[in-house]
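Novice: Please find one structure pasted underneath; my questions will follow.
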Amino acid sequence: MAIAMGWQKPDNVAGSSAPAIMVGLFVASGGLLFGYDTGTINGILAMPAFRRDFATHEPDANGNYIITPDQSSIIVAILSAGTALGALLGAPCADSIGRRLSLIASVGVFSFGGIFQVCATNIPMLLVGRFFAGVGVGAISLLVPLYQSEMAPKWIRGTLVCAYQLSITLGLLAASTVNILTEHMVTAAAYRIPLGLQLIWAVILSLGLLVLPETPRYLVKRGRPEAAGLSLSRLRRLDITHPALIDELQEIVANHEYELSLGPATYKDVFCGSPHLGRRTLTGCGLQMLQQLTGINFIMYYSTTFFDGVRIEDPYLKSLILHIINVVSTIPGLLVIETWGRRKLLIVGAIGMAICQLLIASFSAAAGDHLERAAQLILIVFCAINIFFFAASWGPVAWVVTSEIYPLKIRAKAMSISTFSNWILNFAIAYGTPYMVDPGPGYGNIGPKIFFLWGAFCILAVFYVWCMVYETSKVSLEQIDEMYERVDYAWNSTRFEPSWSFQQILDEGWSPSGQPPAGNELQPTASAATTQSTDAGLATATSTAGNSETSNSSSENNKAIPQMGHVDFSY
């Protein structure tokens, strides 16, 4: 299956990756719920039938009903308020009942909100439905990348997490298509049909999750290594007694014990724990916030009404075209994320978006009425190019990085905090931009000039990635702890190669906290010599190894830990 999709499983990886790939792709479809709901409200706000049924003011002189900017702001933004809460609630739920059952519960909450939206006859009832749907979406946005990263082989882990973003774009495209088909209806069916269709995939997703396995890393976290072995056996299509499967399971268990030896798994440790958990949490939060500050959701939430406001012909069709570009442009990111790496893709994407947005804003500011048509063309073309850069980079890669950089003991908590920062910025942008963009008393009326703001944040994002984001491609989740211990600066992480495993350390008699046994030593691989120095415990061990090599002590006392690198068991 992987070969058919354009990826080749490494020869030194035992078993089959097809089950994990199929499970990861199916779970990724949870992004359809968020994408479809977002795309639906984008078009519904501009529908005459919706404005007629939900407007609270008398029609204007032309007989048109108006949804005011403050009403459209709260209708759109209330979903993001719910998602922020859902992201925070998802962590304790994931750690207590498991990743899979938490996903099922989240889809149930989303469906409850969806039913409210379909049945709504006024704005308050619609807001209740969108809030509960948001709670479900927020938890799903945490749980899907968490589930994928914990069950996927490392050689395709980033690609599978990227598929979550692809499903979001497919949901946006599906919603835009349905909106075009129903916008001309004069009855309430114009908006009830799009709102109701989102419940179909929620049911399908729930039924599929009933038969999927729990992630092996969660089962290890709960002290159930036998169940974790059975889960790995299903995902890798290997017998539970296969040496490669046993080695992978032992490495997960040993690494978790090492993490726990460094401190408890509390919310305080998310910010103050070791190794460098505060820096890792800041990295995740910063990435998720900058993803929103690129301005992409301004386009996704308000493209139809925004294009209509700047007098672009057929705004529904233009919005559909942008959603098609959004879907297609996600595919290049899936194909190159493992070869280019996370850092390069993020930096190239931010530079591309900054150029597009500053060009849009500059031309719009300089163009007069006689260049109105040219300004509209520039807006559409560079919005499309901007979406290409976002969909291929920041859209999927921000989720990939935040699903990888945290250790198992605090992974759910740290991901919930970083995801919360995404949604709280999402809420602020969804609620605030209509006041900045729209004309009217008390409003900013800056129009396309808002792209100056988004462009400035894209420039900031380039420097942030260079200084803060470590390269995590081709590294197992258990080896990322070692990278943060040994590599001082993010820009040096591209040269990192793992030199030891936690299981080998424990096999040699080391304590989980990294203290060597008497007369023993740890020898890193030669390839790791190009990276930064290890922590104090490992440096001491290496020094001991060097001294022992010059002495004539017995070979048994001087036995080195086997080298990692010629065979890859941590797939």
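Cβ from N, Cα, C; glycine included.
TrEMBL lists 525-560 with the feature compositional bias 'Low complexity'. The annotation domain 'Major facilitator superfamily (MFS) profile' is assigned in TrEMBL to 23-473. Residues or ranges marked as region 'Disordered' in TrEMBL: 513-571. Annotated transmembrane segment per TrEMBL: 12-36, 74-94, 101-123, 129-147, 159-181, 193-212, 345-365, 377-402, 414-431, 451-470, in sequence order.
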Novice: If I count Cβ-Cβ pairs under 8 A between the transmembrane segment (377-402) and each of 101-123, 129-147, 159-181, 193-212, which range comes out on top?
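Specialist: Per the Cβ count, the answer is 159-181.
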Novice: If you average pLDDT over the domain 'Major facilitator superfamily (MFS) profile' (23-473), what do you get?
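Specialist: That stretch averages a pLDDT of 86.
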Novice: Against which stretches of its own chain does the transmembrane segment (12-36) lie, if we need a Cβ under 8 Å and a gap of at least six residues from its ends?
Specialist: 1-2, 5, 83, 103, 107, 110, 136-137, 140-141, 143-144, 147-148, 151-153, 155-156, 160-161, 163-175, 197-198, 201-202, 205, 208-209, 212-213, 234-238, 242, 244-245, 567-569, 571
Novice: Report yes or no: does the transmembrane segment (345-365) come within contact of the transmembrane segment (451-470), defined as 3 or more CB pairs under 8 Å with a sequence separation of 6 or more?
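Specialist: The transmembrane segment (451-470) and the transmembrane segment (345-365): touching, yes.
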Novice: So, taking each listed stretch (101-123, 159-181, 414-431, 451-470) in turn and counting its Cβ pairs to the transmembrane segment (193-212) that are under 8 angstroms, which one gives the highest count?
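Specialist: Out of the listed stretches, 101-123 contacts the transmembrane segment (193-212) most.
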Novice: Taking residues 6+ outside the transmembrane segment (101-123), which of them lie with a CB under 8 Å of any CB in it?
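Specialist: For the transmembrane segment (101-123), the far contacts come to 27, 30, 33, 37, 53-54, 56, 71, 75, 82, 86, 90, 93-94, 129-137, 139-140, 143-144, 147, 192, 195-196, 198-199, 202-203, 205-206, 209-210.
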